[in-house]
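Enquirer: To start, I am sharing the structure in question, which I have written as structure tokens.
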């Protein structure tokens, strides 16, 4: 009945320094926004117990993954600890074609790759309220030795200077406020003239 | 304490065809969003009882108003029924400099003028859910003869084709949903990288 139609879904790229809390924010956002789809990655690592093909990951062999790289079937990819991880284009395109929003949580290097292939995405940078907070969070995790943490903090400082490539910046001070901002960005982007057709 | 600072307020221009309900939406938005400032117009018409200088309008003589036009002190202006009405730049600039958001509710012609002087504003087009609804609303008002209503509907049809000049389009189907969209746009715009400084 309405005169407007969202003809195309939105690719929401949520990125930021390690330890900034983007994982927590995205999980909370997914829990609150029912119509949001999560981008499922492809990996060459072996499935863990209870992991399901197409839910946690798409599991592929190295040969299959390398064929996807060559065929430009990945929005971005990287190698960690001997395994490939990447974002398959087919899943993103499928969700967008249905007019739905898809959420991609990714590190800064990955976001840079996505921006090259998919500049029409909405790029959100999650910022720590301060470097002290980021340092605290990285220490609290307790998973990394001090020198790795120091390196991460140095990286984060450099990354903060790259925010000009992003559309939005959301400070992760209080989770509820940050999630409200992310939800508002989704609603606002759905109202953008370029995302609407008059029918 | 945070690393981000909204260094500049946002000029929110809410426009749309006559009868689309933008007045109602803006009043509701003002009631809900406490930190929002309303743009007060300048006029040459005489104050009505209970109207206060600087609240409903700034009241000026024709000579003073014409001096403001010449001095480019108005974001836009028009003449209705022998009186001038305009948006004074000084009030908008004052609010923006304080880092606050200012709301300007205005017709399509006025919005066009504002866009020329202040392209960095956020331009929101309020659309009727359908032409049938717009027609109904204009008839319900009961303030205008049929031929004026028909002319307004024809104008609205032409105006809808101008939405490419706007940033956002919000369908005024249900008031509560439309107001939520306007609020989301304000929050999202506050998160835009270009509206934030890293301090």
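Keep in mind that glycine also has a Cβ here, set from the backbone N, Cα and C atoms.
What you see is a predicted model, and the numbers here were worked out from it, not measured in a lab.
TrEMBL feature annotations, pasted as is:
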BINDING   B:16, B:17, B:18, B:19, B:20, B:21, B:22, B:23  ATP binding site
DOMAIN    B:9-187  domain 'Guanylate kinase-like'
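Show me how these features fit into the structure around them.
Expert: Around residue B:22 (ATP binding site), taking its Cβ as the centre, 23 other Cβ atoms fall within 10 Å, counting all chains. The secondary structure of residue B:22 (ATP binding site), as reduced to three states from DSSP, is helical.
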Enquirer: Just to confirm: which same-chain residues, 6+ apart in sequence, have a Cβ under 8 Å from the Cβ of residue B:19 (ATP binding site)?
Expert: B:128, B:134, B:137, B:138, B:141, B:152, B:156
